[in-house]
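Colleague: So that we are looking at the same thing, I have put the structure below in structure tokens.
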Amino acid sequence: MQTSGNYQPVPIGFTVPSAPPSYEEATFHHPPYPPLHQGMDAKNMSNPPYIVQPVPMQPPVTVQTVYVQQAMTLYDRPVQMCCRSCNSMITTRLEYSSGALAWLSCGGLCLLGCIGGCCLIPFCIDSLKDVDHYCPNCHALLGSYKRI
């Protein structure tokens with residue numbers, strides 16, 4: 001018979017591999033545990049000590065609540081607001097002081113010829129003065145209103 005292709009005859013002494021091992025042969029059997037020694041009693045054996053390590057404690061976090069008060073525009077009239085100093089609800093107390101508008105009005109009157117004391121009239125008119133707002137309870141300055 002003639003062989004075609006790259007087939008070669010089986011060499012002499014070659015054995016065909018056998019089937020895989022059976023399930024019993026393939027599973028590994030663990031050896032049994034050794035029996036307890038006669039001198040040892042399982043009831044009296046103590047477990048190794050259980051060491052508990054303390055959990056590291058974090059310092060408590062303190063939260064500070066900050067109330068942001070919107071900038072209040074102050075005018076020449078009393079304003080009802082919460083005092084930043086004593087935290088009470090108040091109506092501001094007004095104090096008038098001579099500001100730039102009073103001095104410019106005085107200078108303008110001097111230029112017009114009102115030298116004989118009439119140029120001091122702007123210092124008597126509250127609507128030409130700057131206004132300071134104070135807390136009536138703690139007397140803290142809460143803000144100012146500048147005319148110029």
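Cβ coordinates come from backbone N, Cα and C, glycine included.
From Swiss-Prot, for reference:
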MOTIF     20-23  motif 'PPxY motif'
DOMAIN    63-147  domain 'LITAF'
BINDING   CYS83, CYS86, CYS135, CYS138  Zn(2+) binding site
REGION    101-123  region 'Membrane-binding amphipathic helix'
Colleague: In this predicted model, what is the average pLDDT of the motif 'PPxY motif' (20-23)?
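Modeller: Across the motif 'PPxY motif' (20-23), the average pLDDT comes out at 74.
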Colleague: Could you check the binding-site residues CYS83, CYS135, CYS138 and say which one's CB has the most other CB atoms within 10 Å?
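Modeller: Per the Cβ count, the most surrounded site is CYS135.
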Colleague: What count of other C-beta atoms do you get within 10 angstroms of the C-beta of CYS86 (Zn(2+) binding site), across all chains shown?
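Modeller: I count 12 other Cβ atoms within 10 Å of it.
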Colleague: With DSSP, how much of the domain 'LITAF' (63-147) is helix, how much strand and how much coil, in residues?
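Modeller: Residue counts in helix, strand and coil order: 22 helix, 21 strand, 42 coil.
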Colleague: Excluding CYS83, CYS86, CYS135, CYS138, which residues of the same chain place their Cβ within 8 Å of the centroid of the Cβ atoms of the recorded Zn(2+) site?
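Modeller: Neighbours found: ARG84, SER85, ASN87, SER88, ILE90, PRO136, ASN137, HIS139, ALA140, LEU142.
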